[in-house]
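Colleague: Provided herewith is a single structure, encoded as structure tokens, for subsequent inquiry.
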Amino acid sequence: MERITVTLGERSYPITIAAGLFNEPASFLPLKSGDQVMLVTNETLAPLYLDKVRGVLERAGVNVDSVILPDGEQYKSLTVLDTVFTALLKKPHGRDTTLVALGGGVIGDLTGFAAASYQRGVRFIQVPTTLLSQVDSSVGGKTAVNHPLGKNMIGAFYQPASVVVDLDCLKTLPARELASGLAEVIKYGIILDADFFTWLEGNLDALLRLDGPAMAYCIRRCCELKAEVVAADEREAGLRALLNLGHTFGHAIEAEMGYGNWLHGEAVAAGIVMAARASERLGQFSSADTQRIIALLERAGLPVNGPCEMSAQDYLPHMLRDKKVLAGELRLVLPLAIGKSEVRGGVSHEVVLSAIADCQQA
């Protein structure tokens, strides 16, 4: 069992990583006998894990209610959020309740925002079931729902009480979802850790076949990097923005194509290559390193070009609504070398459009 602490003073919390955690009531600390829980999951995961998690919590004396939501990025919305609020109010659940997010990034983000909002804030626990959510979205307290005009535009910074990463969940993960998560894994190597990127080049095949030790190390290293960044910059005033490599371009793809048509990691993968191309055009990133990135993404089964349905001009309206925009100026996360990156303002639209055009499908 691995345990990593996100250090935020009195709001610090553990990330527990191991196989078989759903069999151990102690995995779900700080829950205790007599606590009330609303377990939030989706229609795909409920048949797989709902009864198992409910059972382990009830054996610990926890009172468990549940709400099952539709599955998909398109349901990460205010309308579906209201379904959670209605379930909480009907029981009813008070300020001493705990929300448990059992699912991937959509469930985690939506449940976290529900916890931040319900009765001005209640406790919640992240139980991520996809690789993407285990290495990224469950850690750090970013919670949100989407708006038709932009991804994650309505939300809050709100930290969980704990994160429970059961590696066994990856056994039921579709191959496309596994690849989507690998985009975020590869991102960490590009922005923060050249040695980890090199490790990924040598161990990607092991990750694709869900090799236990390789996957445990991969998830642990990603969580360590994320925990360090969040501890240093919880509210994304500087360093934490680096975690958005590829996301400004990627969010534009998701919004323009319709949420769910491109998985988040797929859009981020294409966005990472666009960011690398932009950095190349600015003379601060080598084409050889871009090719290393492209090769690793392609081995993971990820796209390295944007959708053929989008022109370069289609990206800009979405990108200018990005949360990193200041005073109307586009700011991009750009790689400087494998393992090193920066947030750069003042990148011309010409450079951005050219970088996108470099990544257009033929």
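Placed from the backbone N, Cα and C atoms, the Cβ positions cover glycine too.
Since this is a predicted model, take the numbers as computed values, not measurements.
As annotated in Swiss-Prot:
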- 71-76, 105-109, 129-130, Lys142, Lys151, 169-172: NAD(+) binding site (BINDING)
- Glu184, His247, His264: Zn(2+) binding site (BINDING)
Colleague: Gly108 (NAD(+) binding site): which of the binding-site residues Glu184, His247, His264 is the nearest Cα neighbour?
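Modeller: Result for Gly108 (NAD(+) binding site): the nearest of the binding-site residues is His264.
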Colleague: Neighbour count, 10 Å Cβ-Cβ cut-off, for Cys169 (NAD(+) binding site): what number do you get?
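Modeller: The answer is 24 other Cβ atoms.
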Colleague: Compile a sequence-ordered list of residues in the same chain as Glu184 (Zn(2+) binding site), six or more apart from it, whose Cβ lies below 8 A from its Cβ; state 'none' when nothing qualifies.
Modeller: Leu131, Leu132, Val135, Asp136, Cys222, Gly265, Val268
Colleague: Among the binding-site residues Gly105, Gly108, whose Cβ has the fewest other Cβ atoms within 10 Å?
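Modeller: Sparsest of the binding-site residues Gly105, Gly108 by Cβ contacts within 10 Å: Gly105.
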Colleague: I'd like the Cβ neighbour count for His264 (Zn(2+) binding site), meaning other Cβ atoms within 10 Å of its Cβ, all protein chains included.
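Modeller: Cβ-Cβ neighbours of His264 (Zn(2+) binding site) within 10 Å number 29.
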Colleague: What residues, ordered by sequence, lie under 8 A Cβ-to-Cβ from Thr130 (NAD(+) binding site) and sit at least six positions away in the same chain?
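Modeller: For Thr130 (NAD(+) binding site), the qualifying residues are Gly103, Gly104, Gly105, Cys169, Leu173, Glu177, Ser180, Gly181.
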Colleague: Around His247 (Zn(2+) binding site), which residues of its chain at least 6 apart sit with Cβ under 8 Å of its Cβ?
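Modeller: Val268, Gly271, Val333 - these are the non-local Cβ neighbours of His247 (Zn(2+) binding site), listed in sequence order.
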Colleague: Please report the distance from the Cα of His264 (Zn(2+) binding site) to the Cα of Gln74 (NAD(+) binding site), rounded to the nearest angstrom.
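Modeller: Cα-Cα distance, His264 (Zn(2+) binding site) to Gln74 (NAD(+) binding site): 12 Å.
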Colleague: Among all the protein chains here, how many other CB atoms are within 10 A of the CB of Asp71 (NAD(+) binding site)?
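Modeller: If we count other Cβ atoms within 10 Å of Asp71 (NAD(+) binding site), we arrive at 18.
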Colleague: In three-state terms from DSSP, label Glu184 (Zn(2+) binding site) for me.
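Modeller: Helix, per DSSP.
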